[in-house]
Amino acid sequence: MHHPSAEDRRTPTVNDSSAPHDSGSDIGQAGSIGDLESVEAEPAVASALFGHQIELARRYTSNLVTRGEELGLIGPLELPRIWTRHILNSVLVAPLLRPGLVGDVGSGAGLPGLVLAIARPDVEFVLIEPMERRVDWLRDQAAELDLENVTVVRARAEEVRLDRPLGQVTARAVTALSKLIPMTAPLLIHEGEMVFLKGARVADEVTAAARQIKKAHLRDVEIIELGAGVLPEITRVFRATVD
Ligand SMILES: C[S@@+](CC[C@H](N)C(=O)[O-])C[C@H]1O[C@@H](n2cnc3c(N)ncnc32)[C@H](O)[C@@H]1O
């Protein structure tokens, strides 16, 4: 189990404008698909979540669309596609993780961090999030869902002090690769991996981040497309190893 450092109790200056994709609520555009009742029939769920994990994912989702919405962590128009666009999109990444310590930078409402912690109880997670309101939410959810493999640290990634380096780091909708790479590279062990959920323009981001990729000594840079034929939208993952 990972134990938080003194950073956990620190109160940093929060400047959320550093997340260019943050439009107020963590999640918040119009959508149309989502079916909580038939979730076991979803191939993406069937391959990554089993028994109790499905129940935990349901409870987390239910909390997100009720209390999470009240707290402004999710926009009301996003509720209908919460499963496909947010939960399952995160679940798809679970097979890319390996045992060890994984850091999720900018977890916000818990995506992908809390979902991955449900899907991979064999992996330890540290959720790194600067905003107090979101940190409180993440801690409450981890406790309520009994996720013993989760520690929440209140900090910005550039300033966080962890007890030990990360084997892998994840992030979704935090900032462009050109900022995310230098922000997270120092947190990783040698041969550690970046696993970032990215949008349709990830190839352009990779091109724009050429200098940062070189400076961080990244190798095996690849874009992995997940969920084709399973989810309405393909999930694109930027994966790279720190040499
Ligand atoms: C748009 S939200 C995305 C949240 C979540 N990952 C998701 O996909 O729904 C961006 C999050 O990144 C956090 N954030 C912004 N800058 C950060 C930094 N420098 N280090 C860590 N987290 C940061 C924000 O507080 C916010 O919770």
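Keep in mind that glycine also has a Cβ here, set from the backbone N, Cα and C atoms.
All annotation found in TrEMBL is predicted automatically rather than curated by experts.
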| query | Of Arg98, Arg120, Arg139, Arg172, which one shares the S-adenosyl-L-methionine site with Gly106, Leu111, Ala157, Glu158 in TrEMBL? | reply | Arg172
| Helix, strand or coil at Arg172 (S-adenosyl-L-methionine binding site) [DSSP, three-state] | strand
| Which chain-mates of Arg172 (S-adenosyl-L-methionine binding site) that are at least 6 residues away have a CB under 8 A from its CB, listed by sequence? | Ser90, Gly106, Leu111, Pro112, Phe196, Leu197
| query | Which ones in the same chain are close to Glu158 (S-adenosyl-L-methionine binding site), with CB under 8 Å and 6+ residues apart in sequence? | reply | Met183
| message | I'd like the number of other C-beta atoms within 10 A of the C-beta of Leu111 (S-adenosyl-L-methionine binding site), please. | response | 26
